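Visitor: To start, I am sharing the structure in question, which I have written as structure tokens.
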């Protein structure tokens, strides 16, 4: 029977349509088909922060419309450009917002070193430094790093007489010197031990805050004594010192005591250290020292090594007398004051463990804070009042390390002992059975870790025996558990993941997210969060996500557009690994 040409055409078209349909529903990009919705259908803006925001002048040419995705997130729809600007290699969005900084009415209180986040957050990618290499592995990195990874010659020149850092061939070498470490940091730490033998590193002193830390040699030295130090300094006070610290594998963050509280909970640190940290403690009615008092635990120590302690000229004597009056007004007592054979001196203060001294002061100046403090110190102004001490027997806390890792503070309202025990057991089993055995992570290359939704710090506690450290982040829209993290002898910060982190690019080997990123889509675009993750993670580093499959599929597509390699495990875990790919530089016209 003859078949007409029309029948043949219809048959061929039908066959082609069936083949196309089969391909669409079996291809990788269609494994998890979603309704075609724009990000604007599930995006609601983040509430305005108290800090004025301005659009940053380091950006790509792309418009917000080019970056919008539908929820199917097909890789081909995402186009990335390099950030523009001479400083884009080391760009930190919330600290490099020059347009906002130019509009500040005052810089007297270091306002220009505080956070001023751009709106919208940039979605461009940062270029790599020329000749960037995988970092020197730990522990060798504590003593030397690749110069090409952090090519900042000014600090080397500026601090060459103080033995902070030297350039030797392809490397930057850290001899362990410093402004106050004339005989080296090891000698300086021993000097502290002799000055106050009751300081037992790695036992009653586990969590330390180093103010104005330089290249963090003090904190790096204490790692050998089972002490973890949160080292901080403002950006560019000396060129890239915090970047050097993190490249070395030493815990550090960018921060400043300016007009706002530090992003740490109250009563957190066992010891605070300042060696010529250039903070005027008596400024603005003593607010900077009152902030240290807030984050120092009852019975904790403050070590101050600066010229007013051991020199007698008019200027230093005036500063010392002001410090005497201020510390007396907040009931800190001097437990020792001494000078080393190097000519460097220090004084060690101790915070009281009871409020009896507060009530006996002849004048209530500074006054006690009249309201219960919220631990969440995110964009909270500095207060000119004296923080009340926690209730209960604070003299018995904390437990000696490492027992405190699994202990709960008496009268704790943040967590009960049984809750912490179950959380610890859950994370211990998950890390040993899944993270270390089955996920595509080479843990021998991992040193700097950030847990994006840390909870009680269970993930960090489960990794405690590995040669790495964890920055535990408690999101500001989650339950406030950061005080528990510090009680356990771990470190961390508050943060809003709809904004950029106070850290340099390429500073973490692994970011971990447990059921965080899916919730964030209610407040900000997941694309901007992934762009921030790409900024933070080093080439060769990892993103490990535990979440629902919908979130994992979205992330897999976005990471694919960034040329990250990805693997999914048991439909619950996604491991992404960053490569060296960057978008092509725009052609000069």
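Note that Cβ sites are derived from N, Cα and C of the backbone, with glycine treated the same way.
Here the structure is a predicted model, which means the values were calculated and not measured.
Features from Swiss-Prot:
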CARBOHYD  70  N-linked glycosylation site
CARBOHYD  375  N-linked glycosylation site
CARBOHYD  442  N-linked glycosylation site
TOPO_DOM  1-4  topological domain 'Cytoplasmic'
TOPO_DOM  26-589  topological domain 'Lumenal'
TRANSMEM  5-25  transmembrane segment
Visitor: On the three-state reduction of DSSP, what should I expect for residue 442 (N-linked glycosylation site)?
Guide: coil
Visitor: Please work out the number of neighbouring Cβ atoms within 10 Å of the Cβ of residue 442 (N-linked glycosylation site), leaving out its own Cβ.
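Guide: There are 10 such Cβ atoms around residue 442 (N-linked glycosylation site).
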Visitor: Could you give the mean pLDDT over the topological domain 'Lumenal' (26-589), rounded to a whole number?
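Guide: Value for the topological domain 'Lumenal' (26-589), mean pLDDT as a whole number: 88.
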